[in-house]
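Below: the structure, in structure tokens.
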């Protein structure tokens, strides 16, 4: 079968597959002399030949996995195989043992040309005659029908081909050198060995009959791209035994453990905010690694390369092998990580700007970009200041006002705020001029009558121009004491109306006015216009306020 037992088992848990070859779980419902009847959750009962239950006696209620051979054998029965399921599981276990180099148990069941057939838990394997023992054996009959240990030396499940060796087992068990080495090996022991093989993840070291694994992470305290960068087959190395599993005869070795850990007390040698020199060892899309000393590297993240170019690729700032000055930003000794910065070794343009300029100062720059929330103005030091939509015009909405600008335009603005730590400069264009709304509000007399001009009129309200760039709102109820249902029947755009201010909403920049407040009532209830002098312009209001102060 091409699928492993683990794959078939997983599939049996997630889906119901009724095709021949599918693995399903079955429960014994009846045991007969020639067959075993099981319930496998199929349309009909399953039949398993009794011959497949060798060396075991099935009982009603027993559960096990079976393979579907035929969903209908012509008699309304489903033919199942316990043996094929057992073999699928056996193949999976043999594959694990083969990859791990572990021994397996089997029985020599017959002689064939050139060797023997070995039963490895329902899987047949070939044992070459030359691999039966460490020396030639004339009559190996004494080994037949006995469970003994073998080592798999070749395996191909698709071709149903397994080759085993008893000789390899005996050599491992009877090697005097190996036994002696195994007995003397201790964790923490320093020993010499020879590099036997190199892989992507490490190197195998011959310690004298015993092989140990020197993992790539235990070769050096620093970064190792590939074991072949440090070692060659045949090299004699000095290593330390890190871990020794006597039962599985596995040895883990280390080279870097022979030297002091460079990360120990590293904060004393590299205090945070200290500036040091290092060599660029690796460049990635997210930053560059800088070697501070043997076994100690730190990362300069892309955001810490340059003050103004946040998304610049590291390769445009540094080169591999280049010596650079860096500042230690953060140290995590436990995780063996150091965060470094290159830009911190240069003057901060945001801080320089803050030292040279003050709030409310006027500056000039060119529009670099326009966004949904405002526009960025280029300033000295290759930094930007933001003019928010709300700071472009006093009278127009930000969305309308920003249409008057395009990229490259030179504009003048007022500095509203400088925040070097957050790298932000707030600018305003409307602040170049006084706020007509606030100037009007601060100058008007509560009892003053204003001659306003109708700008817009609807049935329930009207918008009036109180002064240049200052508008007020008058509701229908504030127009007159008389019964009026529709302002459009009383007022036209351009009409002048005498009004008084009845409310000012500074937060929402809204002025409510009333014509009714200007009117008076006679004793008979007739309407009269108040004798309060009429002020027609903002200038008149300011002039009157100044005169009242002088008096």
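Note: Cβ is positioned from N, Cα and C throughout, glycine not excepted.
Worth saying up front: this structure is predicted, and the values here are computed from it rather than measured.
Across the domain 'S1 motif 1' (21-83), mean pLDDT in this model comes to 80. The domain 'S1 motif 1' feature in Swiss-Prot is assigned to 21-83; the stated evidence is sequence analysis.
According to DSSP, the domain 'S1 motif 2' (101-167) comprises 8 helix, 38 strand, 21 coil. Positions annotated as domain 'S1 motif 2' by Swiss-Prot: 101-167.
If you look up Swiss-Prot, you'll see 188-256 marked as domain 'S1 motif 3'.
According to Swiss-Prot, the domain 'S1 motif 4' annotation covers 273-343.
Marked as domain 'S1 motif 5' by Swiss-Prot: 360-430.
What Swiss-Prot lists as domain 'S1 motif 6' is 447-516.
The stretch with the most CB contacts under 8 Å to the domain 'S1 motif 5' (360-430), chosen from 21-83, 101-167, 188-256, 273-343, 447-516, is 273-343. Helix, strand and coil content of the domain 'S1 motif 5' (360-430), in residues and according to DSSP, is 11 helix, 36 strand, 24 coil.
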